[in-house]
Structure formats: structure tokens, C-alpha cells
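Here's the feature list from TrEMBL:
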type	residues	note
BINDING	Asp37, Leu38, Thr39, Arg64, Gln80, Asp84, Arg233, Tyr237, Tyr238	L-histidine binding site
DOMAIN	57-323	domain 'Aminoacyl-transfer RNA synthetases class-II family profile'
Amino acid sequence: SPLVSPQETLMGKYGEEAKLIYELQDQGGELLALRYDLTVPFARYLAMNKITNMKRYHVAKVYRRDNPATTRGRYREFYQCDFDIAGQFDPMIPDAECLKIVHEILSDLQLGDFLIKVNDRRILNGVFAICGIPESKFITTCSTVDKLDKIPWQDVKNEMVGEKGLSPEAADRIGEYVQLHGGLDLIERLLQDPKLSQNKLAKEGLGDMKLLFEYLTLFGITGKISFDLSLARGLDYYTGVIFEAVLLQQENDHVEEPVSIGSVAGGGRYDGLVGMFDPKGRKVPCVGVSIGIERIFSILEQRVEASGEKVRATETQVLVATPQKHLLTARLKLISELWDAGIKAEMFYKKDPKLLKQLQYCEDTGIPLVAIVGEQELTDGVVKLRDVATREEVKM
């Protein structure tokens, strides 16, 4: 999908986050914007091409006019990796697969302890409804609840009352629900909740959540998954299940609860988004997940720095070197043969480099082998192969 799109393509899809969209105006006065994520362009692509069934992944750059914090992996231009399943399927089967994939990626990357929080927009909306919140305020209340992982409940309540115009009583009633988290036991308990079970939306959401946890149990991953009612995800386009993966950090021995060090993946179900771009309003149900590549990289980099281990900046297997002057042609011939044989080789871009410099370069960059061709080697028709680490040499 293109990097730049008309502003109206992106507007009205992200809620309060829309203020972070990079808006542009070209010379012809056309109002454009840089893509904010890979989900909205994907939905537009499905609608334009009348695709009703697709499973895909996509790695590309997105742009946000945010305050950068490079140490925490927050940038204005960064890569995301998305995985989406579009199509009409039975409830929760693709959703469970998305969560399985997130679990697999975070386990394989060995980033440390993590937790995948799961909730459902319908359950949240049901909670708001029974707490007496008008439907027009559901989405703005959602974006306030979403801050619960960053700020304490009292601050969230103050924002609800002070900025969003809710009554303190309604905010307190919401607080009773959004501070709950657990697993199947909590889902069962909420299904029995006298008020919540009367709400059609919440009942649907809880029924699907129960089904989801049954599938996740079969996948054997429920140990890392928490049904968390505070999870709201601030974007407007989510319609059902929503999830977010956070890395955990044990602060010290006295802390019972692990502390979150930030979200590395998020996603959910967005069944209405494709219909927004279809002239006839045809809907294509979709569920997907987005992995924050930069955030993961910054964590891996910090880990490498702390361990003091040396990271190779190059995949080069062999450096072609010469010990005397006027041997550039010999190096070029040999490196060409190595390249043609699929061997990763490099050489100095100098006519007559000093041998010591060439060997030092290999030590600094971690290149394991040096192929040396000097006058004697050319006469004998051999190449001297030197192991940089052990300094052993063999003629070939």
C-alpha cells in the first residue's frame, strides 16, 4: 500500500490518536497524509480489489507526529510488522491463531517474561452502558480507560470526570469493572453478573471470550494470557476482541506483581473497517496484530550492551588481502571468484593497503578468515588462508 494517501482515507478511524497523523499538502493543494499504521491501508486494499478472503503479513514503515523517546523505542518513523486474517469464519478461530502467533514470536525472540492482555470492545461498551454512560461517550471513555496501564486509577477517574464530563458515581462504577483481570474464572463470574449478563453486547463478548480461552487452552498458551478489563486500545476501528502484549520486568524481590516495561505488540478485530471503503458498504470481517519492531530492537540492543558481548556488524566470511604493493589485480581476480562461488567476501578499496591494517580490520569487525595473496603465493599458485582468531595459516 502507498506511503501517502488522501487525508480522508485516514481521518475518522483512529479516535484521539488522529492528532498524531502526519498531514501534508502537495504543490497542487491536495490534502495528503503519511500512513499511521498498516491496518487502514490494508482495509482499503481489500475494499478496492473486492477481496473477501485473505491471510497476509506485511513489514513496512509508518509515521506518527509524536514526541520521540529513542531509548524506549519511540520514533516518528518506524517499522511495524502486521499479520492479518480477513474473511467470514466461525467465531474466535482466527483470533486464537493471531494470539498463538504473538506468543510464538515473543517466545522465540527470548525477550524475557511477557504477558498478552485480552479484552473485547463489546464487553467494555456493555460495562459503560450499565454504568449509565451515553453511547456518544463510549469511544472517548475508552481512550481514557486505555491509560490505566500508565497512570493510577485516581488520575483516570479525574480525567473521566474533569475532561470527559462523566459523573463521579458513573466513573466509580466503571472503576469496579475495569480494574479486574484474570482468566476463565473471571469470564464465568462476569457471565453470572446480574447487571452485565443483562446487556446483550457484553453477553456476546463474554461468550466469545470464553470460547477464545477454550481455544487458547488447546494451544497451551493461557499461562501468558490475561483477560484484562482495563485494556481498551484507543483506536476507533476495533469492534470485538482486542489484545496487547507487554514485556514484564521484575523490579526487585519484594515486588509481587511484575512491572510492565511497555507494549511490543497489539491488535484486535476490526469488522467494520473494510465496509468504510466499499462503495456498497460490503463488510469483510478482519482480525490482525501489529508487532513494534523498533521497540523490540531497542530492548535487544540494551540487552547486548548490558552483557558486553560483541555484535558483528557484517556477515563477511573472508577478507581478501595482499601483503605487498602492486597486487590489486590479484585481489580483484580472487574476490571475483569468491563472489561467483557465493562466498561473502570483501577487500580494501585501496591500491596498496598495509597488511597490518587489513588484519586489524578483521579483528575489529569479527571477519573470521583472511585470504592472502602475495608475490610468493602467486608464483606457487596458492592462496594463504589465515584464521583471524587462532592465527593459524594453511596454503590452498
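In case you wondered, yes, glycine gets a Cβ from its N, Cα and C as well.
A TrEMBL annotation is a machine prediction, not a hand-curated record.
Any idea what these are sitting next to in the structure?
Taking the Cβ of Tyr238 (L-histidine binding site) as centre and 10 Å as the limit, one finds 26 other Cβ atoms among all the protein chains shown.
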Check the binding-site residues Thr39, Gln80 for other C-beta atoms within 10 angstroms of each C-beta and report the one with the most.
Thr39
How far apart, in angstrom, are the most distant Cα atoms among the L-histidine-binding residues Asp37, Leu38, Thr39, Arg64, Gln80, Asp84, Arg233, Tyr237, Tyr238?
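Largest Cα to Cα distance for the L-histidine-binding set is 21 Å.
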